[in-house]
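Listed features, source TrEMBL:
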DOMAIN    141-191  domain 'Inner membrane component'
TRANSMEM  144-172  transmembrane segment
TRANSMEM  252-278  transmembrane segment
TRANSMEM  336-355  transmembrane segment
TRANSMEM  367-384  transmembrane segment
DOMAIN    369-487  domain 'Sodium/calcium exchanger membrane region'
TRANSMEM  396-416  transmembrane segment
TRANSMEM  436-459  transmembrane segment
TRANSMEM  471-491  transmembrane segment
TRANSMEM  538-558  transmembrane segment
TRANSMEM  599-618  transmembrane segment
DOMAIN    600-733  domain 'Sodium/calcium exchanger membrane region'
TRANSMEM  630-650  transmembrane segment
TRANSMEM  671-689  transmembrane segment
TRANSMEM  701-718  transmembrane segment
Amino acid sequence: MSGQEREHVGFTNTQWDHDPRVYRRTSQCDRLCVDIGSHVAETPSPDVSHQYTPKCLSAHKGGTTPCHYGEEVWQDGSSLRTTIRAENEVEANKLANNYRFGFRKWKSHVTERPIEDRSDIVRELYSELNFVRPQGSLITCGNIAYLILFGWWISLAYLLVCVLMFLTIIGVPYGKLCWKLSCYFLWPFGKSILKPRSLVRRCCVKFPHCEAIPEESDSKEVKESTPLLMPPSVPIEVPPQRTRYWCRVSTYVWLLLGYPLLGLIHSLACFLSWILVFTIPVAKMNARTLAIILLMPPEDVHIHRLKKPQGCDSQVLLCCYHAFNWYYYKYTLDGINVFAVNLLPLVITTLVVGYVDTENQFVSSEAKFAAAVSSIIPLSYYIGMGIASISAQSNFAVGAVVNATFGSITEMTFYITALLRGHKAGTKCYEEIVKAALTGTLLGCILFIPGISMIIGGFKHREQRFNSRSAGVSSALLFISVGGVFAPTLFSKAYGSLVCAGCSSSQANTSGPFTCMDCHYDMSGSNEPLYLRHIEPLVYTISVLLPSAYLIGLIFTLKTHSHIYDIQVSDVHDHHQGQCPPGGASGGHGTVHWSRLRALSVLIMATLLMAACADLTTEHIKPILDHSSISQYFIGVTVLAMVPEIPEIFNGIQFALQNNISLSLEVGNCIAVQVCMIQIPLLILFNTFYDVGFVLLFSDLHLWASIFSVIVVNYIFMDGKSDYFQGKLLCLVRIAMPDITD
């Protein structure tokens, strides 16, 4: 690129950057690309970097559409290359860790993303309500819902304060302001609150074609640039002199009588609309009014309808078009999703009420149980973000330690807490709940996550393809894992003693066969000869072999045969100069939301809160079982197994919507393999050092349900194609499982 071209590009980008109303579009090619996939080569090259061709680069060369996240490239039918774009090296490292250690819960972006690189929809979420733009229809369901939920009582509050200000006589200007704002907040859409500009000529020099000057415009910059552009003969208008705002008696009357009441109203409206998430524009409007408009002189506040351009003599303070936006589920604060922020008070309230009201005088056990289970969701988000932030900024060794230590902390905290409570109470009920939760987690990861991903992805994409060979490898590993976990159960069924509650013969035919009731194989530790000599050594052997197989798999994919998966990070802009159009954001490390110290602090705090919530959950299970018809198996298989897996469900759906069904399938397989190869051996290890009576023997229904699920998934994954019909079958099998295992 020549020097003139670079200057021209830089000048253009500078112009666009200084105008806050215009969003600069950057190239999708100027990113760091993580190439993650598997391919078969006849002669592997020792230099893997020469084999690497980013998808975004090849798409740009061929003139095709830019690459998308997780887009799969089919080359010759037997080779699959999956390319995932990342904005910087930290994000690329985080994405690579998905394949190293499995998909963590709620893995969001760990670095700040420039707002100009986001889509138009996302940029609108973070925009301030102080810009005039072309308006569409203002009569929408969301705006009507605003009128019903917020508009009428906010307007009524302003009317009451208006009457109060008129009664004080000295506060008449503020009474007029309250009347105008009462009409405004009843239906604020299509209206704008403006502030008059005193430097009319100077503003028009800076913004010659503006509709209204945004609030963030820098008056100092205008003042410095005006003498260079304005003819010296043009006079400058001077605003009329008036009493200073803080020297008026009416200001203090307003601050004592009117502002506190309206502050309470706006705070309540802001809180309610923020909690609803999708009405965050209403929260922004109330916060902006409380912080800016109500603290201004009343004569400076003007309300106009947006029918004509306002010109350069006014500054937009507030302008709202829609009160409802579905896309606010993507909204984040300092990298934290808005739902996790809103659910954090639930965690604090649950812990306070749970440990203060120990006698259930104010809140029932059922309500405490539901609140404690719901609190797991935001805490799992913070744990996942902490793990992702630390591992993305660290080397492989630190990332492996953090993922191995905290990767399954959500489930392990509940399992250990339940086993301790059951051991203390001297009952096997909690042990059966833990086993049911383990089985439910396996069924959910094997059946429900791929199934719901296929259904939702199939609605958007008619047919989705994935590498059947790669899925076959994952399914084979899953089959071995499940077989290893249930091997003691199969052994006990083959060699266990048949126990019956009672046997009797018919009175009419005493020589006939006996009729036995409640016959089953003794699979508990009470059968000491079988358990001590055969089953217990088998359990310990499996608890050593399964983690060893997991560790060998990591070494195989990351060290000795890393070229098979071809995990690479390449800076397209640096290594392929001139291939992508200029003006894009360069690579680099990016600015992380959470430093390693902050992420570690959040991780430890969230783990402690998770332990407290797990303790409350197990404490209030027994009253529910005693006073309701719900069985312990249903609670374990459905409630306690599915709630911690909600993040994985959302991850799978997100990948499926991006036409990357292979990652959706990988999410479920990764978690299921980790349950078998990490979580269950850890429970056995914990029982070895602190005997809580945990025996790795499952019921018959749990055994056959898990094996049947693995067989069904292997059958569906054979053709390498998926649609919503196959997903429906998987979900139907998963939904029917709680009734079978109950």
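From the backbone N, Cα and C atoms, a Cβ is placed for every residue, glycine too.
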Other than its close neighbours in sequence, what residues sit by the transmembrane segment (396-416), given a CB gap under 8 Å and a spacing of at least six beyond its ends?
-> 97, 100-102, 104-105, 376, 379-380, 383, 386-387, 390, 434, 437-438, 441, 554, 558, 603, 607, 610-611, 614, 617-618, 640, 644, 674-675, 678-679, 682-683, 686
For the transmembrane segment (599-618), the candidate among 336-355, 471-491, 538-558, 671-689, 701-718 having the most Cβ pairs under 8 Å is 336-355
Which listed stretch (252-278, 336-355, 671-689, 701-718) has the most C-beta pairs under 8 A with the transmembrane segment (436-459)?
-> 701-718
Are there residues at least 6 beyond the ends of the transmembrane segment (336-355) whose Cβ is under 8 Å from a Cβ of it, and what are they?
-> 106, 108, 274-275, 277, 280, 328-329, 362-363, 368, 371-372, 374-375, 377-379, 381-382, 385, 593, 609, 612-613, 616, 619
Per Cβ pairs under 8 Å, the stretch of 630-650, 671-689, 701-718 packing most closely against the transmembrane segment (471-491) = 701-718
Kindly report the helix/strand/coil residue split of the domain 'Sodium/calcium exchanger membrane region' (600-733) according to DSSP, in that order.
-> 108 helix, 2 strand, 24 coil
